[in-house]
Every structure is written in C-alpha cells, then in structure tokens.
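Copied from TrEMBL, the annotated features are:
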REPEAT    45-76  repeat 'WD'
REPEAT    122-163  repeat 'WD'
REPEAT    165-206  repeat 'WD'
REPEAT    212-247  repeat 'WD'
REPEAT    254-295  repeat 'WD'
C-alpha cells in the first residue's frame, strides 16, 4: 500500500484531487467532523477503508463498535479528547495505555481492556509533552517535555515521584528505558542524549551522563537493546547513531535517509536496526558484522579499545581508565584525585608533641629559628 507523506505542519502543501484524495480520506483515522448545515448535530467517524457493515453502542454508550468489509472491527470513543495527542505507550503487561495531550499538558491513563479513563492529570508539565512511556515493570510512566523537564509518575501511589530539571539546553524530544528499568535515556534538540540512573538517584548530585558528538542535528528518537549494551538514536541530520554503552561512545553511523529520522528500533538479537523517516521509507540495517567494517575498526582504535568509561563519584564527569586497572579502586577522575592529593599535601602535619608518648617528648630537638619560603 502506498501512503502519501503529508507534513501536518506544512501550510502550503496541497492534496491532489481524484483518487488520491479519496484514499487520504479513507485512511484518516478517528477524524471528527461537525456538519454545520445539518438539521441535527452529526459527527462523522472515518477510518474504515471499505463498506461498514455494522455498528453498536457499548460501555454505557461511551463507545461505538463497528465492523467492516475491510476485515477490521473498530472501537470508537464517542467523547473525543480535547487537544492533540502527542504521544502514547502501552504497559508491558498490556493492562494500561498512557497518552499525552497538548491542550492541557496532561497525561491520561486508560484501561486497555475496557477503555475506561482511570486518571487524567492536567498541567503535568509546563509545556507540551513530547513523549510518555511506561517503564518495563509497568510501575512508572516517564514523560519529557518542551519545558526540558523529566517526570516519573507512579501507578501505585498515583503521584509524581521524580522530577528532574535536566541540563538539556533545548526541548527534550524522546526518552527510553533499559530493560531493567534502571536507566532512562533522554534525547534532545540540543543534539545530545543524556543517561539518568533513576533507581539509585546518583544524578541528584552530579546530573546525568551526556552523550555528545553523535549527531549534527536535533535528536528525535532513542531506544536501548534488550540487554542494555547498545543504544540507537535517530536525528534530524538524517542519520542513525549506534552507541556502545560500556564506553559511552558512538561506534557506528548509518546514512542513507533523504529526510529526518523520526523513529528507531533494534532487534532483540542486536543484528538489525530499523529506522523510520519523513522521506516515507523504513530502512533495515544489518549491523551484525559492523565490527569488521574498516571505519568502525579505526574509530575503536581512536577511542582506545583498551579503555572503558566510568563516572567520577565526586564531580560526576565521565573519565576513562585502562581495562588493566581495578575500577573498584579508581572511582575518581584524575582531576579530582589531584585535588585530593593537593589538599592532603597542604594540610599541616600534626605536632610531634601531640603524637609521641610522654616519655619521648624530651628527646624532640628544638630550634630557635625558622625560615619561610
């Protein structure tokens, strides 16, 4: 099936008349229309691509169930949610759906079984929510916004348990969790990604870890591999970046799209990366043998294959150490270690008279002169 690429932000794009216009109307899902000239109020539900054969009110008349010759049955909400829906996510256990609305900067939690609205939280952020996502344990909802904040909402307590004023300098466009739910990655229009340990909260004193120099344009999407060892990101510079989470370095850059990359995914076996683009194409990249590509080999050499990256426990910045060193012993970057050594050298030694036993104090040599350099 051929789908026409329509930019919803475009003001001058027109739709060709004829069959293409009919096709566009057919596939436009859940569009509400009010017939102004009708004698009674009418709303039109569009979405089926063939004859609709049946309709039925259900769930206390809050929904309409329809069947069609297009081989689908559709459940329609009769009360449309105000504002644009900017994002949605389904919980891992399949019980809940969360969506974000542009009008009230709100998130809405809905039962996936009944369609019942469980919670509607207005003004969850101060600006448009760009992405909301369940954690893998289906216990929290993470949301990011144009206001550059990150929030975690708890399904049990129904409270916001974590609010982060990030160090991103522009809109946060997307977020994703590792499979164990410990790390949250945020993507931003400031061309960077940041990693947050939301379980231990180490970012509270040092902030998140920043992944930079991966893209030349705003980062639009991000996703982790199942084991958390690989991060994939897509951007408005039309490229896809593959990151090694052990070294926190970009290992591969995938080029080929003719327009910005809107979303990315990685297979469970880490052999394939999928990327969706505004150029109307989806590309599948086989990265199974990417380590054998000469450019990748050179990049790994430049980054130092004998090193891995740690986060300094004092300043929070990333630093590298040799794999031969014990990372349990080296917990600070060289600058913080130097500061510690300098402070210990500058601290005056204790008086010998306060350390030696009383019987030995008489043996301490005395001097009547001193010099200061």
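Positions of Cβ are set from backbone N, Cα and C atoms, glycine also.
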Using a Cβ cut-off under 8 Å, which residues of the same chain at least 6 positions beyond either end of the repeat 'WD' (212-247) come close to it?
170-171, 173-180, 183, 185-193, 253-255, 257-266, 268, 270, 273, 275, 277, 285, 287, 290, 303, 307-309
Please list the DSSP helix, strand and coil residue counts for the repeat 'WD' (254-295).
5 helix, 19 strand, 18 coil
Averaged across the repeat 'WD' (254-295), what pLDDT does the model get? Just tell me the whole number, please.
87
Going by DSSP assignments with H, G and I as helix and E and B as strand, what are the residue counts for the repeat 'WD' (122-163)?
0 helix, 23 strand, 19 coil
